[in-house]
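Trainee: Sharing a structure below in structure tokens format, with a few things to ask.
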Amino acid sequence: MKPLLLVLALCGAQVHAHSVGLRPDYNDYSDEDTRRDWLPEPLKPVPWQSETRYAQPQEAVVQAPEVGQILGISGHKTIANRPVNAFLGIRYGTVGGGLARFQAAQPIGYQGRVNATVQSPNCAQFPELDRLRLSESRGENVDDCLTLDIYAPEGANQLPVLVFVHGEMLFDGGSEEAQPDYVLEKDVLLVSINYRLAPFGFLSALTDELPGNVALSDLQLALEWLQRNVVHFGGNAGQVTLVGQAGGATLAHALSLSGRAGNLFQQLILQSGTALNPYLIDNQPLDTLSTFARLARCPPPSINPSAQGLKPLYDCLARLPTSQLVAAFEQLLLQNEHLGLTQLGGFKLVVGDPLGFLPSHPASLATNSSLALPMIIGATKDASAFIVSRIYDQLARLQSRNVSDYIDVVLRHTAPPSEHRLWKQWALREIFTPIQEQTASLQTVAPGLLELSNYILYRAPVINSISQSYRSVPAYLYTFDYRGEHHRFGHLSNPLPFGVDASLSDDSVYLFPYPPEASRLNPLDRSLSRALVTMWVNFATTGVPNPSSGVWPQATSEYGPFLRFTNNQQSPLELDPHFGEGIYLPNYRVIYKPTTNFSPPITTTTTTTTTTTTTSRPYAYNPYANWQNRPSQQHPNWHPADPEYVRAQEARQQEFIREREQRRREQQLRDQQRYPQQEPREQQDERIRQQREQEERLRQQREQEERLRQQRELEERIRQQQEREQYEREQQEREQREREELERQQREREQQQPEQQPEYNPEPVNPWGYPVQEPQPDDNPEDGRLPYPSYEQYGPEGNENLPETDANRNFSEEDREQQQQEQLRREQQEQQEREYQLQLEREQQEREQQERGQQEPGPEEYPSYEEYSRALQEKNAERDRIYAEEQERERQQQETLLQENQQHPEQSLPEEQPTHPNYEAYDGDRSYAEEQEREQQRRDQVEQEREEQPDEDQGEEYERSPDEEEAAEQDVLKVEDFPSYEAYLEAATKLREEQEEQEKLEEERYRAQQEEEDRIQAERERNSRN
């Protein structure tokens, strides 16, 4: 009984298995009529019917004889109900230190036990500069970064291998960008590679020490490692497809053209990038090296570098830490960013590298059909939106009505200078209308500028890459126009005045769930992702994206047909024969001759295709107008089994080929007719360019001479100022010594005069020579007050030797001459101070003008240097004239003072602030008669006032205390006590203000005292009346 039940169970299992079929990949639709014809193959159950489940980390062990025991993560993710193992951070090469960081890596040997459960850090890049510095401070090796990640389904066996090369701009990114969530729904292995970036992968001196193109050697080393070991992970080494994104596509294509890849990979998928991209080829690697060395503070290479001449640079680069070299590269990008993509360096491929990867230009290698591989190649619709958005501000500042001005800005940032004229002619012929050439505005020409940059950077390189290879190997063209919910970068958030559909790397969002915020797709995006993944995996498996239908035929020319991914829900996949018709410039087939003969075109079986009809100028006007209302591109009566439709399609294709050839011949004929007229114009343009260059060199030379002259003038002014200050210090010292000598001589004469002069006044006299008088009757002995201050209050306390206190002394002629000389010296000093003050004022005005930004116009503001020199001479002559007039006025003023001093010598005496009254100012002959008479009149007036007020109290006589006398002496300021005359004036002004304030306070006190006395007097009068 038990054997019978076992047999029945086995039979039932077979029947169930037969009814269910193989493992479901997509949903099946039972209704064949409702199945959409654009689908690449019949739909099966939805792979994303449930969210990805993360299992607990367990070890997945792989034994690789050349490597050792590799421990990965078993069940890293569960995708489509199937566990996926992950092997992360497996080293495939080793990088040395010092200068070896810029050279080819060495294969890694047997490692024993390898821990492949942790994601390895990315190679050195400036977005992770802080991490590099922290790792270096810990003593970690940040240069040994050559690792790869492998994702394999559980139980994989001889599956095709997809090797992803991350890219964009070749100076950032890492292997973590390739996640298995979408791709591993299919039976395929996914590998992602880390390689050296920026200067460590591309800096070149075209020598063995700095070869360049080291990133290509890293990729080759990783692919060699996979050829030996991928079989142990369940992969097929004979079915390796290299998938590159942007810059990664450039590396993948360049490696295939190098001829050194051999059988390391068999097919290519190039997304928005080829080896012919103009902005990823460095045509001047030595200039880039020189600029980088300067920013890294290393000795730059000489003009004709040699091995011995480059040794100091090598030693410096080997000595610097990795983080400092990365920081120097970041400065290189920021410094040259305004020059455009074609002028940036340090992250680009070089031609003629010693490693032999690019012995000649990639365009020349692309003409060799023996190096061609089957490929899927294309680009996103608006891949160059990122560059147009970055230069949009420059375009907005033009405000021009001529479209040529806008084209020049775009070409400066996107195309090599040698191709500017060719691309400009093509743009005016194929993109812009004649009306826009004279009535342009940024809003109207911006879509055309975006289309022009797309052709230069992406579509033209695609067309030129397959212009010869499509004859010998299959090539499938595509353009990704689909605009979904998520985008790879923020290029769509730009100031462009129109919508952008798909920008750079947006197609990768539907191939890998990266970045993490783009990992959750809506139903429409998931449908597009399923179609894209299926085609990519089908190509990796069979070499044909759609083996079961004719939706995507291979290219029959460099222009198509091509497949377009769109937002049209009725037909998301559209076929169009015009990928880039009309792009004949630049013609690389003429610039780079083919290296081998081409094989005849291969014969393919006729397939049913769906085409769209476009004009010969598909983007002549606004290509984005009414795109949502575009009619369906599919024939209403189309059916793959309709032979009439097939014949009609073939006839249309033949007609299209004939029309294209006719237009090409007509264009060549027009070019030949214009050639005789263009040649003189080109010669004239070249002559004008040479003249402008000569004028520019002369202008720069004159500017250099002018800067040197200004520098010399500045040094001369500084020297003169220093000499003037030194002279002033010496002059002050001499004046100080002369004053001291005069004072000493004066004291000696004063000591000698009392001995020589006879006494002529027998009467007793006071110290001032006045006769001693009897007390006047108006003195009040009771209160001691006098109606006016007595002469005794101004007595010379401790100053008997001063000239003004000596009553018997008259000024002699010798003293007067000395004082006149002193006056002349003071006037000379004041003259010098006024000149110095004028000079300071002029310098202050110049500084204020510079601070306000009112600088004098430079040579560039004048039509020619002669007019600038003439204007500069006029300004200098005007300044000299003003200065001469100032000098002349000062001289006339000085002569006037001298004449007055000669006519009135007694008025030229210096005015000094006396400590005591100087009566010579009132009476020069010392008779004192008038003074005595005035004193008697004052006494009589005071006596009369006292008689009128007999009872008024008399206040005490005010006498100065010794402290007040000392303070009065200290209040006298002398010029020699101050470092400059300005300081003396400031101190004198301050002292005068203090004295005035003190006088006001004394006056208020006196007024208050008078009021108090009046009040007391009034009180006495009232008492007396009572």
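If you go along the chain as it appears here, the first residue is 1 and each next one adds 1.
Using N, Cα and C of the backbone, Cβ positions are placed for all residues, glycine too.
Sharing the features that Swiss-Prot gives for it:
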type     : residues      : note
COMPBIAS : 625-636       : compositional bias 'Polar residues'
COMPBIAS : 945-969       : compositional bias 'Acidic residues'
DISULFID : CYS123-CYS145 : disulfide bond
DISULFID : CYS298-CYS316 : disulfide bond
CARBOHYD : ASN115        : N-linked glycosylation site
CARBOHYD : ASN368        : N-linked glycosylation site
CARBOHYD : ASN402        : N-linked glycosylation site
CARBOHYD : ASN810        : N-linked glycosylation site
MOD_RES  : TYR26         : sulfotyrosine
MOD_RES  : TYR29         : sulfotyrosine
MOD_RES  : TYR182        : sulfotyrosine
MOD_RES  : TYR559        : sulfotyrosine
MOD_RES  : TYR727        : sulfotyrosine
MOD_RES  : TYR862        : sulfotyrosine
MOD_RES  : TYR865        : sulfotyrosine
MOD_RES  : TYR868        : sulfotyrosine
MOD_RES  : TYR928        : sulfotyrosine
MOD_RES  : TYR981        : sulfotyrosine
MOD_RES  : TYR984        : sulfotyrosine
MOD_RES  : TYR1006       : sulfotyrosine
REGION   : 601-641       : region 'Disordered'
REGION   : 659-695       : region 'Disordered'
REGION   : 723-1026      : region 'Disordered'
SIGNAL   : 1-17          : signal peptide
Trainee: Rounded to the nearest angstrom, how far is the Cα of ASN402 (N-linked glycosylation site) from the Cα of TYR727 (sulfotyrosine)?
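Mentor: Cα-Cα distance, TYR727 (sulfotyrosine) to ASN402 (N-linked glycosylation site): 65 Å.
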Trainee: Around the Cβ of CYS145 (disulfide bond), how many other Cβ atoms lie within 10 Å? Please give the count over every shown protein chain.
Mentor: 25
Trainee: Test of understanding: give the count of other CB atoms lying within 10 angstroms of the CB of TYR984 (sulfotyrosine).
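Mentor: Step by step: centre on the Cβ of TYR984 (sulfotyrosine), count other Cβ atoms within 10 Å, giving 16.
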Trainee: Roughly how many Å lie between the Cα atoms of CYS298 (disulfide bond) and CYS123 (disulfide bond), rounded to a whole value?
Mentor: 23
Trainee: I'm trying to understand the geometry here, so how far is the Cα atom of ASN402 (N-linked glycosylation site) from the Cα atom of TYR559 (sulfotyrosine), in Å to the nearest whole number?
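Mentor: Between the Cα atoms of ASN402 (N-linked glycosylation site) and TYR559 (sulfotyrosine), the distance comes to 31 Å.
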Trainee: Which of the recorded positions CYS123, CYS145, CYS316, ASN368, TYR559 has its Cα nearest to the Cα of TYR1006 (sulfotyrosine)?
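Mentor: So, spelling it out, the nearest of the recorded positions is CYS316.
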Trainee: Say we define neighbours as other CB atoms within 10 Å of the CB. Which of the modified residues TYR182, TYR727 has the fewest?
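Mentor: Counting other Cβ atoms within 10 Å of each of the modified residues TYR182, TYR727 gives the minimum at TYR727.
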Trainee: Any idea what the Cα distance is from TYR559 (sulfotyrosine) over to ASN115 (N-linked glycosylation site), rounded to a whole Å?
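Mentor: Spelling it out, the Cα of TYR559 (sulfotyrosine) and the Cα of ASN115 (N-linked glycosylation site) are 49 Å apart.
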Trainee: Of these disulfide-bonded residues, CYS123, CYS298, CYS316, which scores lowest on Cβ atoms within 10 Å?
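Mentor: It is CYS316 that, of the disulfide-bonded residues CYS123, CYS298, CYS316, has the fewest other Cβ atoms within 10 Å.
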Trainee: Among the modified residues listed here, TYR559, TYR1006, which has the most company in the form of other Cβ atoms within 10 Å of its Cβ?
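Mentor: Within the set of modified residues, the most crowded position is TYR559.
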Trainee: Using DSSP with the three-state reduction, classify ASN115 (N-linked glycosylation site) as helix, strand or coil.
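Mentor: Looking at the DSSP assignment, ASN115 (N-linked glycosylation site) belongs to a strand.
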Trainee: According to DSSP, folded down to helix, strand and coil, what is ASN368 (N-linked glycosylation site)?
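Mentor: The three-state answer is coil.
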Trainee: Checking your reading of the structure: which of the recorded positions ASN115, ASN368, TYR984 lie inside a 10 Å Cα sphere centred on CYS316 (disulfide bond)?
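Mentor: Within 10 Å of CYS316 (disulfide bond): none of them.
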Trainee: From the Cα of ASN115 (N-linked glycosylation site) across to the Cα of CYS145 (disulfide bond), what is the distance in angstrom?
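Mentor: Taking the Cα atoms only, CYS145 (disulfide bond) lies 15 Å from ASN115 (N-linked glycosylation site).
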Trainee: Indicate whether CYS123 (disulfide bond) is helix, strand or coil by DSSP.
Mentor: coil
Trainee: Is CYS145 (disulfide bond) helix, strand or coil when read with DSSP?
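Mentor: SS state of CYS145 (disulfide bond) = coil.
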Trainee: How many Å lie between the Cα of ASN115 (N-linked glycosylation site) and the Cα of TYR984 (sulfotyrosine)?
Mentor: 85
Trainee: To the nearest Å, how far is the Cα of TYR182 (sulfotyrosine) from the Cα of CYS123 (disulfide bond)?
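Mentor: Pair distance, Cα basis, whole Å: 26 Å.
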Trainee: Pop the Cα-Cα gap between TYR984 (sulfotyrosine) and CYS123 (disulfide bond) into the table, whole Å please.
Mentor: 71
